[in-house]
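Quick look at what Swiss-Prot annotates:
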BINDING   Asp84, Glu87, Asp88  Mg(2+) binding site
Amino acid sequence: MTMHQDHGVMKDLVKHPNEFPYLLQLAATTYGSPAAPIPKEPDRAFCYNTLHTVSKGFPRFVMRLPQELQDPICIFYLLLRALDTVEDDMNLKSETKISLLRVFHEHCSDRNWSMKSDYGIYADLMERFPLVVSVLEKLPPATQQTFRENVKYMGNGMADFIDKQILTVDEYDLYCHYVAGSCGIAVTKVIVQFNLATPEADSYDFSNSLGLLLQKANIITDYNEDINEEPRPRMFWPQEIWGKYAEKLADFNEPENIDTAVKCLNHMVTDAMRHIEPSLKGMVYFTDKTVFRALALLLVTAFGHLSTLYNNPNVFKEKVRQRKGRIARLVMSSRNVPGLFRTCLKLANNFESRCKQETANDPTVAMTIKRLQSIQATCRDGLAKYDTPSGLKSFCAAPTPTK
């Protein structure tokens, strides 16, 4: 943590002192044990060092997983990060990108392929890609097949959208499915392969929904960064939504348009919220407590992040983030099934109160409240089923669901 970040956390704690115990608890669970050493094998060492280089938060997520899942998820992340680097590199011509994306899965079986790249911190990943392939080939054959099939599917989906403006919400859903939902499906399949969840977890509805929830939260967050991308913007907000509020998406950059910009933002958040309920319902199938807690972290922080983005004009000026203390509170309150339902119920209740106080005249507030009430009902049903004296209140694994 930099001095600037440390100062920001301290300022937040002065305003929200009740979050301090949760920060301590999270620090104890995250940093209380010695950090996992970097592997001695050169290929695995490269992969874990690269993971720490290209991502701030994901290494902590990987380290929270059972040991047998850490290599597979680390490698899968790097495969997709390499694919994403091709998609995002604005120095590549469209035809070059499309061609490379459609055959990238073939390079995941080729220890001799690499690519020169000037794309910042990802250059080393692309230039030493054979080391990633080397570790991939040490994974169980079924896991390798799942990952290569997903890279092929995702790469072709990305290629379809390289020169395509996202016009409709259906196209927006499809793009997010290709780049995130399909990833969730592959990860869940591997978790089931390792017997860390019941077969019911391998559900398109759950895995795709959690992926779409995470991706849409990122797309909303990245408005200011993406609209100012050089040499040209690349935006993913669907025209079917933003076209109701402006003639051009860039109009939201203008201070005089901030009121309509925030209305559009609230519409985007409301759209993303429809993926929370199916994500919640699928969580009960993850019977390994470590896997459950890692996925619950993703779900509650995404829900909390949407509530931070909602009605927040700063989205159009900067990258809006949640307070670290708030994240700690959400994570530490969601370590088992009842805790997850209670946390999401509280988030939904607070969100609904804000809607009634802050955005009563917003054009999409009725739909926002309807979706929040549906989430509330799911949480209450979950608590009625799982928050019993039979031991589910303890810090146990997610229960094996009963039919």
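Using N, Cα and C of the backbone, Cβ positions are placed for all residues, glycine too.
Annotation note: Asp88 (Mg(2+) binding site) sits in a helical segment as assigned by DSSP. Around the Cβ of Asp88 (Mg(2+) binding site), the same chain contributes Tyr119, Arg234, each under 8 angstroms and 6 or more positions distant in sequence. Fewest other C-beta atoms within 10 angstroms, among the binding-site residues Asp84, Glu87, are seen around Asp84.
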